[in-house]
C-alpha cells in the first residue's frame, strides 16, 4: 500500500496499452478519435448493463445473499452480451463512415482500413474496460491499509493488475477477430469470440483462487492473440522477416512515414 | 465518424464565427474547411466574456477563394477530401489536447488541495443557500440561483454587445485587462497559497512576490500583447483552470448542475437565434472586419503557410503585417491570437525562408480557436464530478470521455452545417447524462463487481 504498489500495478496493467497507444495511435489524429469513440461505445454499453442490473436489484428487494449473487451473475452475463452487441454496433457505424468517406472522396482507399479500425476499436474498448475496473483500486492502493488482514489473499492488487492487463489485451484481440468475422461473414468466429468473453468473465468468478482464473485467462489470451495475429494477415514467414529486420516493405514504409 | 468532413468547395464559408474556427484564410485553391463554431464565453463578474474568434482577413479572402474554388479540378477535390479529412481530425485533436490539459489541472487540484472542495460561502450571484431542510426547498433555491446567474450573464452579454456596437473599445479593453489582472495575480496568489499549504512547503514573501510578479507580468504580456504561442496557450489554459476552480468552490452543488444545464440552453439560444446577443456581436464584428476580443480565445494557430489569404499577397510575411496595421488602426490591442503577429516584427526576413519551405512542402497548417468559456465550463463539469462523486474516479473519467465525444460531435455538425454553432450544448448534455447515470447506476454495479473481484 505504497507508491511502489501503485506505480507497479499501474504499469503492469496499462504499460502495454500505453506502449501500443504511443507507438501506433498517437501519431495519427484519426486513430485517436476512433479510439475515444470506441471507449465511448464501451461506456454506453456499461451504462446499459448497469441499468439492467440496477433495475433487477431494485425489483428483487430481498437482501438474500444467494439472490444477490445470482443477480450479479446475471448482470455480468448481460454486460458481456451488451458489450459484444455494442462492438457490433460500432463495427456497423465504422463501416458506414468508411463507405461515406470513400464515396465522398471518390478514391479507392479510405484513409484508414477496416483492419486498423478493428485494432483501434479493440484498444479503445480494452483501455476503457481496464480503466474502469482498476482505477478505484489503484487510488485505494495509495492510501493506508493492510491487504488481506481478514484472511483475504494479500496479492489482491497484483492479481487485479494482471487481470486488467489480460482484459485489455483480450479486447484488442477480440476486436480484430470480431471485425474480421463480420467482414467475411464468419459467424462461427463471432460466436467463439462471444463465448470466450463469457468464459473469461466466468473464470473471474473463481477469483480468490488466482491460480485457476489468472492462468486460464492468460492461456485464452495467448490463443486469441495467435488467432488475431493470423487473422490480421500475419504468418510465420512475416514474423520471421519482421524479427530479423528483413521485411523490406515494412522498413521502407517506416522510413517514408518519418 | 468523420464523414462530415467533406469540404464543399462551393461554399467556402470563412465564417469566423466563433470559438472553433480555423484561423487560416482559404488559399487560392478552394481548400476550405469552414470549421467555425460559435462560441461564447460567459463570465460572471468582471471576468471574461464570450468571444468569437474572428478573422478580419477571412472576409477579404472569401470572394477570391470562391472564384478560384469553382475552377478547381476534380483531382484537387479528391486530394482536398483526403487532406480535409486528415486536417479535420487534426483540428479535433488540436482541441482535445488543451481541453484535456485544462481538465487534468482542475481534477488534479480538486483531488489534492482541500481548499477547493470546502464550503466557504457563496458568490453574491447565487444568494440562496442550499442548506435547507427539505428537498423541494433546495431545488427551488437552486433554480432561483440559476435564474439570477443566467440573468447576470445575459445582462453582461448585452452590455458588451452594446459597448461593441457603439465602439467603446477602450472600455472593453480596460475591462478585459482588469479581469485578466485579477485572474493572473489574485487568483494565482490564492491558488499558490493553498497548494503550498497542502504540501506543507514554506515560502517567504519576497520569493512569493517575485514568483507571482513574474508569472502575472509575463501572462499579461502573452495574453494581451505578443508572446510565444505555446506560452500564450499555456497561460490561457491556466486561467481557465483557475476560473473553473473558483466556480467549483463557490457554486453550491445543485445550483452548479442546474447552471450548467441552463448555460448550455442559453448558449444554444444566444448563438442560433437571429436576435441572439452573440450572433449580433459576431455579425457586427464581421461587418467591421475586425477580430473580436482576441484576449479571450484559445488559439492553436500554427505556422501559416502558402495561401494565407489574399491572392495579391500570397506570401506569409505580407499578411501579418497587414493585420498589424489593421489592428492598430482599429484600436485593438495586439492580436495575440494570431501566431502571425509573433512573427510580424521580423516578418520580412522570415518571409523568404518560410516561403521557400512552403513551396517545398505544400502543407497547410491551420489553427483552431476555442473560446475560454468552453474550457471553463467543461472543467467545471469534470471538476464537480471529481469533487462530489463520492471519491469515485469512474464518474470523472466517464464525464471526461463524454465531453470529448461531445466536442467531436460538435465539430462534425459544424462541418455539416457550416454555420456558427455553440460548442457547449452537446458536450454538457453528454457530460450531465453521464455524470448522473454513472454516479447512480454504474458506480454500485462496478463497486459490487470490484468487491467480488469480477471482471466484465
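Heads up, the Cβ atoms here are built off N, Cα and C, so glycines get one too.
Marked as compositional bias 'Polar residues' by TrEMBL: B:16-25. Annotated compositional bias 'Basic and acidic residues' per TrEMBL: B:30-49, in sequence order. If you look up TrEMBL, you'll see B:1-80, B:315-345 marked as region 'Disordered'. For B:92-110, B:143-164, B:171-193, B:205-223, B:230-248, B:254-273, B:397-417, B:423-442, the entry in TrEMBL reads transmembrane segment.
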Annotated stretches the transmembrane segment (B:143-164) and the transmembrane segment (B:423-442) touching (3 or more Cβ pairs under 8 Å): no
With Cβ-Cβ distances below 8 Å as the criterion, list the same-chain residues six or more beyond the ends of the transmembrane segment (B:92-110) that contact it, or say none. 20, 116-117, 191, 195, 233, 236-238, 240-241, 244-245, 248, 298, 300, 367-368, 370, 374-375, 378-379, 382-383, 386-387, 396, 400, 403-404, 407-408, 411
Remote residues contacting the transmembrane segment (B:230-248) - C-beta distance under 8 A, at least 6 residues beyond either end: 44, 47-48, 98, 101-102, 105-106, 109-110, 116-117, 180, 183-184, 187-188, 191, 218-219, 222-223, 256, 298-300, 336, 372, 375-377, 379-380, 383-384, 387
